[in-house]
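Annotation source Swiss-Prot lists signal peptide at 1-18. Under the heading N-linked glycosylation site, Swiss-Prot lists Asn146, Asn268, Asn302. The annotation disulfide bond is assigned in Swiss-Prot to Cys262-Cys328, Cys291-Cys363, Cys295-Cys365 on the grounds of similarity to another entry.
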Amino acid sequence: MVLHLLLFLLLTPQGGHSCQGLELARELVLAKVRALFLDALGPPAVTREGGDPGVRRLPRRHALGGFTHRGSEPEEEEDVSQAILFPATDASCEDKSAARGLAQEAEEGLFRYMFRPSQHTRSRQVTSAQLWFHTGLDRQGTAASNSSEPLLGLLALSPGGPVAVPMSLGHAPPHWAVLHLATSALSLLTHPVLVLLLRCPLCTCSARPEATPFLVAHTRTRPPSGGERARRSTPLMSWPWSPSALRLLQRPPEEPAAHANCHRVALNISFQELGWERWIVYPPSFIFHYCHGGCGLHIPPNLSLPVPGAPPTPAQPYSLLPGAQPCCAALPGTMRPLHVRTTSDGGYSFKYETVPNLLTQHCACI
């Protein structure tokens, strides 16, 4: 609340018309913003004459991580995720009813596992997938196997019968095998049910929980389809010709007085402009908003109160005592903080600090 009043008083011009007039001078706004930062963070550490916290430039490994070129939009972070799927079959080596069938399959070196990819996984693009299988074999046993026949083979059930799944063996810890599915086989994880048949003549069926096989799928958001890209690239239709459209284009510009009502003013401020680029190293700049304008609109006596939770409009005073004159100011409770990264030793160490209640979100006549 103290910062609310301070911001309100600092950004109020002197004189009787406290909420009206032209936009504030940039130098005045910078001075008030500098006072708000010093009130919240305190003065920067002085390491030499002149009040500059060091002259050594920020190392590139720190500077490149947070700075962006002015005028460039920050790149959107790619939506990637990883899913781990375990077999959904109820049969195991400990089930007496299924022990005979599983034992027969194990004797033949064939292991059957059913996976059920989630709706989230099926709705995304699978970029890679690996099947982790506990072979129980050490590297010596693997090397001693018959080299004329592959140690592991992978099949997938389809309506037409089992089909071979292209894969390659990757690096794995002892007693395990990691099968990397080829790109052409990644579409298998888009089906609701995936049944894999793994052929390993030297492997045995294990009922230990830590030996349960599993699938690891890496996914990302699907790229837009061709039709969606075409819709995005289709130019907007031209404005239909009509006399009303012509009159709208030929109308004179609005007077400055039309924007004199209470509104939020935006100002891009860089810390280099404030002289603190060696103290506050990130962000390099921020958008500062303050409230400005008049509240001279006629207010009917039967005006209903604003809806709770919704910011009032300039024509609806937030709170007005009898005989008091409304003034354009930030709506209490809607101010947001600004998080900054500071250094006091020229970039050897950093500190993350917060300037509370600095960014104005809503303005109202109060």
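Glycine residues also receive a Cβ, built from the backbone N, Cα and C atoms like all the rest.
The shown structure was predicted, so the numbers you read here are calculated from the model rather than taken from an experiment.
Cys295 (disulfide bond) falls within neither a helix nor a strand when secondary structure is assigned with DSSP, and so counts as coil. When the alpha carbons of Cys291 (disulfide bond) and Cys365 (disulfide bond) are compared, the span between them is 10 angstrom. The two recorded residues, Cys328 (disulfide bond) and Cys365 (disulfide bond), have Cα atoms 4 Å apart. Look at Cys365 (disulfide bond): DSSP puts it in a strand. Remark: of the disulfide-bonded residues Cys262, Cys291, Cys295, Cys328, the most isolated position is Cys295 (fewest other Cβ atoms within 10 Å of its Cβ). The number of other CB atoms found within 10 A of the CB of Cys365 (disulfide bond), across every protein chain shown, is 28. Secondary structure at Cys262 (disulfide bond), as computed by DSSP, is coil. In the shown protein chains, 26 other C-beta atoms lie within 10 A of the C-beta of Cys363 (disulfide bond). Annotated pair Cys363 (disulfide bond) and Cys262 (disulfide bond), C-alpha to C-alpha distance, rounded: 7 Å. The CA atom of Cys365 (disulfide bond) is located 7 Å away from the CA atom of Cys262 (disulfide bond).
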